[in-house]
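Reviewing the structure listed below.
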Amino acid sequence: MELIQEADSSKWMAHSNHSIKCFTEGDIDRMTNNYRTSLGSGHFGEVYEGVLDDGNMVAVKRFIRNVKENFAKELIVHREINHKNVVRLIGYCEEENALMLVTEYIANGNLSDFLHNNNGPIPFDVRLRIAIECAEALAYMHSHMYTQVIHGDIKPGNILLDSNFHAKLSDFGISRLVNTDKTLLTKSVIGSIGYMDPLFARDGCLTVKSDVYSFGVVLLELIARKKAIAVVDNVNIVSAFTNALASGVKGVRGMFDAEIASKDNMKILERVAKLAGECLTMERGKRPEMVDVMERLRILRKASYQDQGQRVDLFSWVEEQANTSSSSDHRPCQVFAVRPVS
């Protein structure tokens with residue numbers, strides 16, 4: 001692991017939460033059947049479907065040659081993280097012409113496709129659960145790790161959904177490990193258009209509150225079911241939302257997805273919208289911490305049902321979706337594209 005040894009390996013080895021395996025290039029060739037099935041491509045390389053010797057499916061992220069530094073950074077960050085709502089790192093390959101990461105395979109693709117390339121209904125409770133699970137992962141990364149992790153590219157395309165539609169954060173290609181008492185200043189302003197914190201884009205000051213902003217955009221997408229780059233009243237949806245919210249939470253009712261904007265859901269939707277607005281504020285210090293976001297979403301979800309009936313409906317929906325997925329030959333892509341600011 002010559003690339004990794006150039007970093008401060010003493011710290012991350014001592015505090016790694018799970019062991020990972022070192023694969024050879026030959027192992028990867030066999031695992032992927034010579035890279036037969038591509039799952040998606042991005043800025044740093046391509047992702048392939050693979051199968052381990054024990055029969056478990058995996059995703060293999062193959063880096064292009066000129067991003068060795070990115071490979072090393074992503075490996076160092078990802079192996080620190082052990083959380084049920086983060087894609088699990090299984091192993092890596094580091095040889096002269098082979099830089100690869102091996103992760104668990106996530107069956108139902110990403111949240112972006114689920115929201116925007118799927119015409120089927122998505123119950124409000126499923127959306128709340130996805131939001132909570134993402135918030136739990138970020139709260140863990142920001143507040144409960146030995147060394148704080150800033151993801152840096154929170155967006156629906158980097159939120160994967162497993163066979164039961166539980167959320168898992170992925171793609172740590174531009175993530176940073178930082179001391180909790182420091183702010184990271186960087187000249188390398190990288191992220192995704194529509195999701196990047198405008199304050200970070202402006203001054204290069206990266207903090208956990210940058211992730212909070214991006215999460216606010218995701219929360220808005222979950223309740224509006226419109227892409228972050230969508231235009232409403234000649235402005236992007238985030239600006240339209242924050243402008244409407246300035247006149248009171250009832251002003252954003254028209255932006256809620258009609259599918260979930262029932263009378264029974266309206267009070268909870270308004271509170272979720274208010275929380276999204278707090279995440280999106282242009283004052284860093286006024287954005288909530290992810291631990292607070294997580295707790296408030298949990299309370300809202302609990303308040304959204306008064307009996308067991310809605311939970312039964314949720315389980316039935318998940319089972320129905322699983323049956324639909326298994327009857328189709330389509331495999332959703334796992335895309336990890338990272339786009340520079342334009």
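Cβ from N, Cα, C; glycine included.
These features come from TrEMBL:
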ACT_SITE  ASP153  active site, proton acceptor
BINDING   LYS61  ATP binding site
BINDING   ASN158, ASP171  Mg(2+) binding site
DOMAIN    33-300  domain 'Protein kinase'
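According to its DSSP assignment, LYS61 (ATP binding site) is in a strand. In the three-state DSSP classification, ASN158 (Mg(2+) binding site) falls within a helix.
Cβ contacts within 10 Å of LYS61 (ATP binding site), excluding its own Cβ and spanning all protein chains shown: 26.
Across the structure, ASN158 (Mg(2+) binding site) and LYS61 (ATP binding site) are spaced 14 Å apart at their Cα atoms.
Between the CA atoms of ASP153 (active site, proton acceptor) and ASP171 (Mg(2+) binding site) there is a gap of 8 Å. Counting neighbouring Cβ atoms within 10 Å of each of the recorded positions (ASP153, ASP171), the lowest count belongs to ASP153. The two recorded residues the residue listed as 'ATP binding site' and ASP171 (Mg(2+) binding site) have their Cα atoms spaced 10 Å from each other.
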